Amino acid sequence: MAFPGPRVLVVGSGIAGLGAAQKLCSHRAAPHLRVLEATASAGGRIRSERCFGGVVELGAHWIHGPSQDNPVFQLAAEFGLLGEKELSEENQLVDTGGHVALPSMIWSSSGTSVSLELMTEMARLFYGLIERTREFLNESETPMASVGEFLKKEISQQVASWTEDDEDTRKRKLAILNTFFNIECCVSGTHSMDLVALAPFGEYTVLPGLDCILAGGYQGLTDRILASLPKDTVAFDKPVKTIHWNGSFQEAAFPGETFPVLVECEDGARLPAHHVIVTVPLGFLKEHQDTFFEPPLPAKKAEAIKKLGFGTNNKIFLEFEEPFWEPDCQFIQVVWEDTSPLQDTALSLQDTWFKKLIGFLVQPSFESSHVLCGFIAGLESEFMETLSDEEVLLSLTQVLRRVTGNPQLPAAKSVRRSQWHSAPYTRGSYSYVAVGSTGDDLDLMAQPLPEDGTGTQLQVLFAGEATHRTFYSTTHGALLSGWREADRLVSLWDSQVEQSRPRL
């Protein structure tokens, strides 16, 4: 019985795994392909849910840099998932610098509004400093290790020049700057900018285009890719326990055929393969790498997994009977006036977790509901996951009553939130280059096994956002990484065909 082409297993059906599978299925080598998904649905950290009479994104929210060089944008356009505005050339040419737009409304913890003029001044200062971090790209030595340290040093010098401001104005400026630190924590998926390495920070590449959403849900994209695969390609509720590599494994159905890799699943299934593409999140690898690979990973790759950062950014959706914000409001920013990026306060998470919340995005396109989406990163975000829905709703009701100055503000009638740190096969949101690591570690993440080229080639390959040096933390980085590993296998198969041809 002849074997029908190379056997390939893809671990994980996020956009990296699905992208790799789609590309491989169309190759003339006709690989025998299966995707092993630990959960009951595809999409990974792309997770859309019908809720409140509309669609909420519990995972990926925007296409970042929706323009011609963004493969996620191109696929979404090809599948008809974008509107005229998103597809317009004007939208694609906008250069945001990767920075969050200024809010429509700014509320403070004293129940008063903050002037847009002051917010704009502080935004200009903060994002100017963020741009200056690029000066340290590729520097062998930097004056400090982290982005946070650099920002705080520069801000301290700026504070000294605020001689015409009274004490209250200086405090308010620092409180506003603190909200920008919290926003940047959400963007970077970290607890603190003190954890983010300064030298490689500028290596992350921002594509042009005004960030856009998929009105019908981001998961429409992964659903389309899934639908393009042959039936039953994806096995759901099939968590992998251990990947045995650099071996010689057999299967009764194919006597005489040996495979260098054996994937052992939690349900006891043992699946031999020629190649395995691992697309699981870095957070999962951090927790399980010691038992997930046998033999263990090479020391350099194992060290890269430990050194790179992987944090949590969660969303909290609140549904209201009636809106208490203006009709044209898009983003409400919250400023806690007793905070400052220059002060380290070790307060109880129980009492202060909500102060890490950056504010609320007004959700469009809901039939009859009025929905706000709050963003929160770091340890405070992880603590929030441990609370009940009722506790979260109560805390945020108190926050909103305080910042609006309206103690009678009606509570939200329901809440829905993400809990990415608690998700056993994810353990967080996305990666960042942490202090002690560099872009080289992202490249190490992408390096296939075995590394020395001995034995069977390309046994275990790696994809996912944490394997892309310049687009880490993004869906387009994840998709490109899946395509990269598929292309790596295709190149191998093509070279094998070429070598097997008789020479005249």
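Yeah, the Cβs are placed from backbone N, Cα and C, and that goes for glycine too.
Just so it is clear, the model here is predicted, and its values are computed rather than measured.
Under the heading FAD binding site, Swiss-Prot lists ALA16, GLU37, ARG45, HIS61, TRP62, VAL240, GLU465, THR474, THR475. The substrate binding site annotation in Swiss-Prot covers HIS64, VAL187, ASN313, and the record cites experimental evidence as its basis.
What Swiss-Prot annotates, mapped onto the structure for a quick look.
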{"residue": "ALA16", "record": "FAD binding site", "CB count, 10 Å": "34"}
{"residue": "ARG45", "record": "FAD binding site", "CB count, 10 Å": "23"}
{"residue": "TRP62", "record": "FAD binding site", "CB count, 10 Å": "15"}
{"residue": "HIS64", "record": "substrate binding site", "CB count, 10 Å": "23"}
{"residue": "VAL187", "record": "substrate binding site", "CB count, 10 Å": "21"}
{"residue": "ASN313", "record": "substrate binding site", "CB count, 10 Å": "24"}
{"residue": "GLU465", "record": "FAD binding site", "CB count, 10 Å": "30"}
{"residue": "THR475", "record": "FAD binding site", "CB count, 10 Å": "31"}
(message) Assuming the binding residues for substrate are exactly those in the record, HIS64, VAL187, ASN313, what is the maximum CA-CA distance in angstrom, rounded?
(response) 16
(message) Around THR475 (FAD binding site), which of the listed binding-site residues (HIS64, VAL187, ASN313) come within 10 Å, judging by Cα atoms?
(response) HIS64
(message) Using the CB centroid of HIS64, VAL187, ASN313 as the substrate site centre, which other residues of the same chain sit with their CB within 8 A?
(response) CYS186, SER188, GLY189, TYR430, SER473
(request) Give the three-state DSSP assignment (helix, strand or coil) for ASN313 (substrate binding site). (result) strand
(message) Can you tell me the CA-to-CA distance separating ALA16 (FAD binding site) and HIS64 (substrate binding site), as a whole number of Å?
(response) 16
(message) Tell me the Cα distance separating ASN313 (substrate binding site) from GLU465 (FAD binding site), rounded to the nearest angstrom.
(response) 15
